[in-house]
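Q: To start, I am sharing the structure in question, which I have written as structure tokens.
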Ligand code: HDD
């Protein structure tokens, strides 16, 4: 059966060399990874290079005697092992990464002098790390949480790190509150519960006391916090940055990543089940997509605001709890990013990669957003304890492709043998090298944007940061009715886990009531609290009543069902021709069909042949798929209809609003009704309707009927 299985890394690496883009990117990245190590054909040696004769037995006094301290081979091995772990990230500890490239769509010289945005022929290598925020390194992928979306561009002019999230705003306005926020969301200090979740007292205590978090909490309670795949998330730089062109003209910009795969989410029930059935669901999905050649792509775009328009909005551009609605300032596409290579080694690359919002290149600059300003300090600082000193830029994944000569010497883990006697500047002994490069239109040294500042030194928040509810309201009111229901359920679920009623009531009365009274009333009802009749503050409202760009329903993507996983359920007696027809039709759309049997043993076809399966229905439950098809064959259908496992698989798929192709008999025995995405037969028109339904991600129209299904 031609069901497509992930290639082995070796095969895919070979397969991947076929495009010029990829060859070019690989060549650049390999130059970064000159220290790649491959032990094939090599003798086992100690770290000092001594060949090892016996790696099975410690040196002992006699074969039943005590071990000897002199065994330098055993001691070296155990010592190294004892120190294999490094501190995990304070936040965003759980993550996964991939290599790829960025290519500009054209010459954006009018906007910025950054070289990687000037030439559509230039291929800039990138490394991306996606992450969750709350949980530790081993936590589950699918928890309700913000996803980190950090991109390192290895540009010819130095590394540019765009360290963003899959949500365009943040919980707090000032970096000084970050430790408080993180302490509140992390597992509680007395019992280290919960892992990977914000559904607990300290989180809701903090956010209900800090109204500036209202907008971001709304995003976190929306479907954005449970993405279907890392490939199906938008990314945002969050802060307002500056781009500066060769003439020194600056524009304010917000960075956006738009996935070609569309913006799609799991259902909450799926997310929770996946956390147990496959805690690696998202890293596996990304890994397999890249291995099978379904390279995920994002478009990088910016919202551009001329300096003169800084104060034209009803919010402050420096406030990281605000978006610029795309209906007010559309996103201008600048280029595309493709992820086309999995890491060789998780620790060396994904764990040791060190991002910092302060890594920028000429043509890009910061703004005075007080959250961004604090981040500029934190990231380098945290690497000192995580990566053990200030030379972490020498770790292969962090090395720029641009040369980096300077007078910074020595320190822990120094890998460079610096030559020359002058480690100071100016010097005459070494001919004055390395020398400064004066700023210039192009290829000049970095020069900070000359912003005029005339102010008192104060600890005070600008009044223009004072409105915390208008955009939270805009977000809620821009959602489809389905998305609104999901938000209501998420607040109800999370607050339902909060033990203290004062905290629940404060969130409902002092936060939700200021956002939307219907939302507050619905959540209050689910918690058994009285519905508030009014908010506690005057909310000025937003320039727009709705922003359609905020609803995921408006981001279906442009790659059809490419890379979508489809379960093909078979049992003994399956009609091989019907199965083959369905699989081929799905493959024609570049979907990834997988044959599932009652066990992982091959099934017998109606004509007596053996049909190997990819997995069992138990090993790969319906929550791991985007759709289900059942080929014909009377005995196979009878067996599936009689199997609790198969029935559960199908009912669960139905409940999770998946597109399905069944036979008439199976439909009857499950007690389901045909709908827009529940189709019968294996004819081309059925396949076409199925493909359309998978493209729509879920059969939303089925939601009410699905409520009644017990799976
Ligand atoms: Fe942060 C990691 C994103 C605010 C301090 N942050 C980290 C990562 C991402 C973000 C994606 C993981 C990078 C990786 O994969 O290695 N952080 C954000 C965004 C923020 C934000 C989008 C707001 C707009 N962060 C923020 C603040 C501070 C930090 C205000 C501190 C003042 N963040 C850190 C950190 C981390 C980090 C403690 C932990 C590990 C690391 O940096 O490398 O420095």
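Counting begins at 1 with the first residue displayed.
Keep in mind that glycine also has a Cβ here, set from the backbone N, Cα and C atoms.
For 92, 165, the entry in TrEMBL reads active site. The heme binding site annotation in TrEMBL covers 89, 129, 178, 375, 379, 386. Under the heading compositional bias 'Polar residues', TrEMBL lists 9-48. For 45-433, the entry in TrEMBL reads domain 'Catalase core'. Positions annotated as region 'Disordered' by TrEMBL: 1-48.
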Q: According to DSSP, does residue 89 (heme binding site) fall in a helix, a strand, or coil?
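A: DSSP call for residue 89 (heme binding site): coil, neither helix nor strand.
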Q: Determine, to the nearest whole angstrom, how far the Cα atom of residue 92 (active site) is from the Cα atom of residue 129 (heme binding site).
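A: Here the two Cα atoms lie 10 Å apart.
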Q: Validating a neighbour-count step here. Other CB atoms within 10 A of the CB of residue 379 (heme binding site): how many?
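A: For residue 379 (heme binding site), the 10 Å Cβ neighbour count is 17.
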Q: Which state, by DSSP, holds residue 386 (heme binding site): helix, strand or coil?
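A: Residue 386 (heme binding site) sits in a helix per DSSP.
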Q: Fewest other CB within 10 angstroms, which one of the binding-site residues 89, 375, 386?
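A: Lowest Cβ count within 10 Å among the binding-site residues (89, 375, 386) is 386.
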Q: Check residue 129 (heme binding site) against DSSP and tell me helix, strand or coil, would you?
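A: Note: residue 129 (heme binding site) is in a strand by DSSP.
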Q: Counting only residues 6+ apart in the same chain, whose Cβ is under 8 Å from the Cβ of residue 129 (heme binding site)?
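A: For residue 129 (heme binding site), the qualifying residues are 95, 96, 97, 148, 150, 350, 353, 355.
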Q: Let me make sure I understand the span of the heme site: among 89, 129, 178, 375, 379, 386, what is the greatest distance between any two Cα atoms, in Å?
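A: That value is 21 Å for the farthest Cα pair.
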Q: To the nearest Å, how far is the Cα of residue 178 (heme binding site) from the Cα of residue 165 (active site)?
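A: So the alpha carbons of residue 178 (heme binding site) and residue 165 (active site) sit roughly 15 Å from each other.
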Q: Under DSSP, is residue 375 (heme binding site) part of a helix or a strand, or is it coil?
A: helix
